[in-house]
């Protein structure tokens, strides 16, 4: 329901509208008009098979399996047709940008629209003065724009109010953004956000939260170069516990401890880091952990316990994760924290790593300096790789994407080299492919996938001679649990056919596998169709036999018999004749050729077969086909038909190009008939 109009869709996909029509929001063929008191069917959408509807204050949206159609008020771009669109879109029109995206839901605010696709991507357009589009600013959008703040989140359902929006994920998280003057976002009353509530906010567009926070820890977070609005939000959402403990722990070590640690341990692998050298905060963190390791056991336990609570608390707050772990170049994680706290939390919460913010925790751990330290890597690397493989698929895709964008020196020094070193040491020592080794190999393969996508490192950076020896199929598979037999299905049953005499008793081994492959291919390509091919060959040679046959190659012979595979539709258009009131200048005819021009290669062949009986061009090309386009009555829901014997297409005079395209595609994709196959 809109402000003064209503739309409904039936189980058959038909749309009915009623109410005020001053902005053409009812989608009538006459455009704007008087108020309609009773539901009236929208003739312009008959045959579209609409799946769902949504109404704004004065605009309306419908969606099908392939398209999103909008009409009505468009003064803020809420119809999504671009900068040059009319203030009021009086006729329903599909949004080209959203074609074939498999839209599952559309919602409308007063003057903004959002939709979600089958892959959980959210698009928004229209009014944005209160940040209701979730794009991090307050500028209107006149075309659908991807909401980056919700990228990679499993969004199931959307909602929209007058000037605010919401998204629900399949793991139960609710994100809200936009106007909050009446507390409609469920956030503190002073918060009004232009992006998803748990996502990164633009500091210039977001009001400060007025609630008092602990200034000591806020100052500590600001020294870490965390933006103030993100720090404040993180402190609020964690109850000033999780991030405070982490910040206090980080800054509790005096500078002299840091300096002593650096002087005593000159072997810190800084030189291996390429361009991404650790800054003072990273070294401070590592120094603090070194001091913690040297402290008495009671003091160590006292420190680790609140840190574990902090990590668990941070896992419950996307904003805190974004603040505490989303920093650029701050990826130094100490061995004690990784081993005793963070890895344990990651292992227990691996299923919760499906958001970009939480995946950043895993990315930070994968780039830790300490993975390259032989004293730590033997315990950290296999556990960390186990967490990566147990994480949701969305997280693994995010890691691959980030590795594809990683600087070459950083990727090699922080990720590839530690994994390779672990594999080399472990394989050299144990000479076995253990579960841990296989997990590390799988993670290294994902790193290589990202590197190849971004062309970061050459392939030889991932080569390991010991892995090649251990995984060489030629050395390990002597028997393949297969004999020289193939199963064939026919007449409702399956039977075994021997590929050679006595094949049922001959196992396929390493020495005979080439023979098995050759026999298998020969059976399916030759023996299994021998009778059918012999019948075809006799008939073909009866018609086309003779000495001249030897002059043709297989490709030339196919072209001679089947016609030219290249389809010149421009030639077909030039040679076409028109009957029944149609002419080359008629708008329906022009729509037809425009639609044909937009079809892909397979659809063009189906179109040609629909009205000629063959999907190939005759000798001389389509220009010699002499097709006929004949008018088949006024606008209706009737599908196009044809007389294949006369190459004639019978085309009703549809009222819109969109309807013609829909009817034509429906006809050519579902037609059955006879012709020259």
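Cβ coordinates are placed from backbone N, Cα and C, and glycine is handled just like the others.
What TrEMBL says about this one:
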- 13-66: repeat 'RCC1' (REPEAT)
- 66-119: repeat 'RCC1' (REPEAT)
- 120-171: repeat 'RCC1' (REPEAT)
- 483-677: domain 'HECT' (DOMAIN)
- 645: active site, glycyl thioester intermediate (ACT_SITE)
Cβ neighbours within the same chain of residue 645 (active site, glycyl thioester intermediate) - under 8 Å, at least six residues apart:
613
Give me the DSSP three-state residue breakdown of the repeat 'RCC1' (120-171), ordered helix, strand, coil.
3 helix, 23 strand, 26 coil
The repeat 'RCC1' (66-119): DSSP-derived helix, strand, coil residue counts:
3 helix, 25 strand, 26 coil
